[in-house]
Structures are given as structure tokens and as C-alpha cells.
Amino acid sequence: MLQVSGDTSACRPCNSGTDLAQGGLTVHNRTHLAQHHGRAPATADTPHRSRSGSRRLTYPALVAVLALGCGSLSLPAYATDGDVIDGQSVAEEVQAAPPAADTAPEALPVGEAVPEDSAPAAVETPPVADPVAVESPAEAPVAGPPVPVAAAAAAPSGITPFAGDTILGSVSPATGDEAGGTTVILTGECFTDAEAVIFELTSAASFVVDSDTQITAVTPAGSGTVPVQVVGGPGCTFATLPNAFTYEAPVPVVDPPVVTSLTPDRGPVGGGSDVTITGENLADVTGVTVDGIAATGLTGVTDTSLTVTTPSHAAGPVDVVVTTTHGTSNAGLFTYHPVASVTGVSPGSGSDAGGTTVTITGTCFVGATGVTFGGTPAVSYSVLTDSTLTAETPAGTGTVDVSVATTGECGSGATLAGSFTYTATVPAVPTITGISPTEGPDTGGTTVTVTGTNLDGIQEVTVDGTAVAQFSLLTDTSLTFVTEAHAPGSVVVRVRDASDESATSSFTFVAAPVVEAPAITSLSPTRGTIDGGTLVTITGERLGAATAVAVGGTAVAAFTTVSDTEITFETAAHAAGTVDVTVTDANGESAPAEFTFFAPLAVTGILPATGSEAGGETVTITGTCFTGAVDVLFGSEPATSFVVVTDTSISAVVPAGSAGLVNVTVTGSVECGNSVLTGGYEYVTVVQPVLGSITPDSGPATGGTVVTATGSGFETAVSVTFDGLPATNVTVVSDTEITVVTPAHGAGVVDVVVNGPTDSALQLSPFAVAFAGITPAASNAVSFTYEAVTTPGVGESGGAAGNVTGGAAGAPAPAPTAVGLAVTGLGGVTALLSAALLALVAGRFLLVRARRGELS
């Protein structure tokens, strides 16, 4: 938007458009210029508003003066490099118009204010591709390039910036910190799409368009009172509010005072303590209070300390507060302590012989170092509280001062003048005014209190003429003693002092009633498990006043008194065994009754734990509470038979069963209950061994023969013995084959036994060679012959008398005898081989011996 300044009559010749065509301007009512893109401008009386969408540079307050040869025109010029008018770049500078036609224009520096009386200036307008239509008041169309504008220049006085339809009405608050950062509200009109908010020459730190009539902005840094401008968006102009905002220097903030310590923090109740207060921000102090009372003597004030004098105050802690021009401090703690004083002595008189106990009242007695009566130290004194002590008077005469000496903050002490008077001693005679109680049991043990006067000198107390073993003097007016056993009846009680003065009263011994302790006649039941929980009924006499029931010396947690003859209780857990049950009341404890704790029936083990499906195995079952057992089950089958050996052992014969694990159950007596050993016994299937052959079936008596036995059921074999001697290198090749190495043995036929894991035997039948002591116990006999090995005869090279069997020299080995061979597997099942080849083997053995010269 352009504004005409000065005389515009010279523009009339330009209305034809010949001169203005190069300037690209349109004059409206000879006072306004507007950019135009082919649309009719606004009427002569209103500002032109571009509807082309291009940016109009409507910067406030400052303009550049242009001369177009037809009058003086002013142009808003607060454009910066890059701003455009109708899409064109802003020019680099504004030049002043020449004073005459033949004088070159003078360059006007960017940003320099244009003087009010300066010559008209011309704007260089390089040609552009997009011309701007310029119209005269007569609506004559002209064409020309847009007007580029240089950087801002200050408007001279008298030139009013164009104020279009954007209106700025107020700025609130109107003051803020020079450092900026104040949030202000701008009110007005046509704020929608506003492009800038400016405080004097500085853009706002930020702003938000709240509505078409309100903007919230944050002030930039600045100083003094400044105008505020709003640059409207497309369709709106700019608006300025002069002197709209005032920058204020920040007011320094001083924190309120802080009290950190008081020295000293204690003082006497009379006041007068000079207390130094340390802290912060104390320099501007206006007063110090002690529990609301103004302190005096304010001196030595610095920012961190000051000194005051405390006023008088009652004893106790109080708050000390410092007030400055910037506020009130936190409270510091000061404690007023009392000083020593004596305010009373009671009694105020006593014997001139001394010995009167008086109570002295006052203050600050804790830590007292002495008490005097007329300057004479008390016989003794005792501080009871800070305000009370007792003292025993020394001997003295007349009326005297009583003084208490103290130290420390309590001071040196205090005196109460004329507070105690000594009186002449009058011999005191003891009297008895009462005795309580006046009777008691003849068994003795009654504590008797004697009251009277002048009892403090009593030396002896007698009952019916016999001095009591001990009595206690409580005060001058009372004493106590304990009666001893005495026959029933009334007796004289006498007290006697050192002067043999005495007083008497009476006491009656009453025959004590005969009392009996509770009695237990029975318990039901008399047994219970070690887990506790057994409900026991006690029957007896004098049970109604029972105060305790004990089991094994331990009181039960609770019991119920049903009647004078019955009590019930529940046992707690207890170790197995027999214990005493007693009942106690005020008259004593009953004689004990016995109760037995036992372990409930439990099956803990069984040996052996495995056996044949056929049953018949005798096993031992271990556990507890077997006495009275009525049944033993293996799975669901009862034992063939069983015997309760002890309370912890049962011997049972296993019934037949199927292979696998079964539970072993013992059913006990009613009180013991039942118990199950889960999976306690296993039935196993016995493999039937079958022996087919032995290879070889003979070998030397020296052993070392590798023998292979074939058959079936060998897989569980773990050892092999020859006539009880273990073979070596036992190898179970398969369920049908075993190999072993024979041990050394005397000549003859022997049993060979293959042993399984349970030491059941797989027995090979005796061989067909005679061997003393072997009794064949099998069929299916096969033969293995131990062949005798002889040494050379007497006279032969290397020979010696006799042979390896230990017989006489030259004696032949015994004739072979047929022996059975058996194989025994698990469970003791035996397979026997036929001895069909017995004769053949025997013949072969004899032939061998004949060839060796062993037979004649």
C-alpha cells in the first residue's frame, strides 16, 4: 500500500498513464496507491485490498519517500531482502530523486531515516515479466513493472503510516521485565493469519493468534516505553498502538531471614542473656521476639549474625524469631532454665536433738551439693525431684535459716531465712492406736501393721511375750511384723523402746481350716498318640477350683472344669512314653495319674522286599504300634499267615500275587489305627533255567579250564561256583550261555552252581566222577570231571613220593563216581541234566588214567 504525501496536483497529467506506466502504481483519490492484478481497485474513499493472494508489505510507522515526477508519494518500506511485491524480489536500495532534471539522483542508505524536508526520491524499477496494472482516478489502464522496495527507512514526522483495516486496541499487561519473556494479550480486529507482532523494532519472542480479535505474545528484550505493531495477514493491513508497552528494570528479590543457630541456646528465667543469632539475610532486621516478647539490646547486626538480650520468661523452651523488611524467619529454639530457690520447709520445727526429717521445696534442686540448717550441714539429704528434697536435721537451737547449695546454671544456691525452729526435746513414750489385722491363722505368716506414736525408737516387738524374729519401722507412727505359728487364742502384742517404755494391744490366732488338694481317681483314656489331640477326662475330687492341669510337668494350654469331680483337656504333642498328669488349686497339687504317649501305627519297612509270584516268602515288617494288629495285606490279598513279634515287628508269609509293586497294609488296634507302606513289596517273575550242555565236561584238578554252559534263563546269573569254590572270569554271554574258568579242586565230579542276584542257585548236576561228600540233588545230570594230575614216581627224575591228591606213594586216584549237575536260577528253581552219558564219561576218564599209568 502506498500513501501520497505533499501536493498531489502534479499527478493529474499522469492520469493518462504515460508517466505512471513505468512506476507500476495506481493513484486512488490522489492519496493512496495500490498494487493491482487486473481487477478494479477499491473506491477512492477506501483503502485498496489486494485479492490476488500476493503479499503486501504493510509495515508500520516507517515509509520511504518516492518521487514519480508527478507529486511526492510515500511508500511503506520496512521490507527486508527476500520480501516480494506481486512476486518480485525487493531491490537493494532506495535512491533520492535528483533536484533537477539534469542532476543524477543521490543514493539513500538503507535504514536511514528520510528527513521531513528531503527531496522526492525515485525507486529503480527494473523490468519484470509480470507487469502491474496502474490506474488513474479516471480508471485509465496503464501497465508497468511492480515497485521493488529497499530496506526500512524511518518515517519523518508528519507522515502518518497507513492504518488499514487491522486494529490494535490494547496490550495487557502494559508493563514487563526488560529481559523480555512477559506474556501479553493484544486485542483488536483482523488478527487472523497475522504475520508479525513487533515491539518498537523487535519482533515478539513468540506469538499465537487466539482469534481474529486476540493475540497472545511473549515480549522480546527491550527498554523504555515502546509502540506495539501487528502486521496483518492477507487481506488485512498493519496496526500500531503508540506507547503501548513499558519495559521495567527487574526488582531485586531478597529472601526472608533464616535462623540457623543460637549461642547460647539456654538462659535463666530472669532473662538478661546475651544471645548471638547466626543465619542468613539478617542485615535488614527490624526486630527480634522471644516467644512473642521483644528482645532488647540489638547489636552487631550483619547479614549473617546479630546479638540481642533475652527478656525474663517462665522456664521452658521458646521460639526466637527474626523479622526483617523482607519477611519473618524460621524459629530458633531457646530454653529458659530455673535458678535455685527455697520456698518452703515442712515441718517447720523439730527436736533440738536433730533427726527430724523435713521436706524442702523450691526450684533447681537437681544436682544440689548440700543442705544446711543455720550453717550446719544436714545429717543427710535426698533430692527427690527438681523442686523437692528431704533432709534430716542436725542438732541445733533456736530459729535458723535453711539453705540449699547448687552449681552450674542453677547458680550457687538459695536460702529461706528463719524457716526452721528447734524445740526442746521431750521424752517420747510409744503408744499403740491400732493393729491390723486383729486376727490370723494359727499357722502364722500374717503380716501385721501396728500404728501409734513415737514408734521410731522401738527396739522390740513381742507376741505373747516372745520377740518376733524381725519387724520393720515404717515411720514414727507405724511398723510391721509377721506372725509365727501359735496356738489358737488371743495374745498380747507389745512394743518397747530403749527406755523400756512400752505399749500393748491384742491379736487373736484362729485355728486354720483343714484344706485338701485335688485328687485324681482316674484318667480316660490313659493312652494317646504322640501327635497330641487326645481328649482326656480326669475324674476325681475337689477339682472345681483347679487352677492348672499339667502333663509331664507342663501346664496344658486349656482345660474345662465340668464339675467338682470332672475336668477335661486335650493333650499336646509329646514324646513317646508314660508321663504324670496332675491337677493344682490354691490348696496344692494332686497325686499324679499316669498317661502314656505312643507312636501311632506306621509301617516303615519290609525285608525282603521282593519275592516270587508264587508267594510263600517269609518277610519281616517293621514299624510302630503293631501290638493288637488284626490284619496284614499284600495289595488286597491277606498274608498267608502273620505273627506280631513285638510292638515294632511282624513276621508274615507272603501270599501269591502278580508281578509288580503292591502296597503293604497293617490294620492295628482301635487306638493305633492303620498304616500303608505304598509299593512296599514287589512280586517278580522267576525265570525257569534249562541246562543243555557243558563244554568241555572235564578238566584238570589244577583248574584253569574255560567252560561254556548252554541252556536258558542265565541272564540274571552273577557268579558260578564249583563245589562251593568260585569260578573266575564269569561271563554271561547271553540268556542261553555262560563262560567261566574253573577253580582248582581235587579229582572227582563236583556241583557247579550259577548264582543270581538273590543268591538263589543255578546248580549244575554232579559229574560222572566219584567225589566224596557230594549228594546229587538234581536230575538232568551232565558230567564235568576234575582229572587228577600226578607227579613222577619215586626214583623218577624230579619225582617225589605220592601224587597231587595227597595219597600214599603210588596210590591210584579214587574211582570216578557219577554226580548230578544242576542249574538253579532266581527263586531256587533248578534244572537237571540227564546223566545218560555217565558211564561213557566214566569209561573215558578211566581210559585216560590207564594211558597215563595211573591204573594197574
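Using N, Cα and C of the backbone, Cβ positions are placed for all residues, glycine too.
What TrEMBL says about a protein is an automatic prediction, not a curated fact.
If you check TrEMBL, you get these features:
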REGION    1-55  region 'Disordered'
COMPBIAS  29-39  compositional bias 'Basic residues'
DOMAIN    165-248  domain 'IPT/TIG'
DOMAIN    256-337  domain 'IPT/TIG'
DOMAIN    339-423  domain 'IPT/TIG'
DOMAIN    429-510  domain 'IPT/TIG'
DOMAIN    517-598  domain 'IPT/TIG'
DOMAIN    600-684  domain 'IPT/TIG'
DOMAIN    688-787  domain 'IPT/TIG'
TRANSMEM  821-847  transmembrane segment
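Within the domain 'IPT/TIG' (339-423), the DSSP-based counts of helix, strand and coil residues read 3 helix, 51 strand, 31 coil. Taken as a whole, the domain 'IPT/TIG' (429-510) shows an average pLDDT of 92 in this prediction. Per-class residue totals from DSSP over the domain 'IPT/TIG' (429-510), listed helix then strand then coil: 0 helix, 52 strand, 30 coil.
Secondary structure of the domain 'IPT/TIG' (600-684) per DSSP, as helix, strand and coil residue counts: 0 helix, 52 strand, 33 coil.
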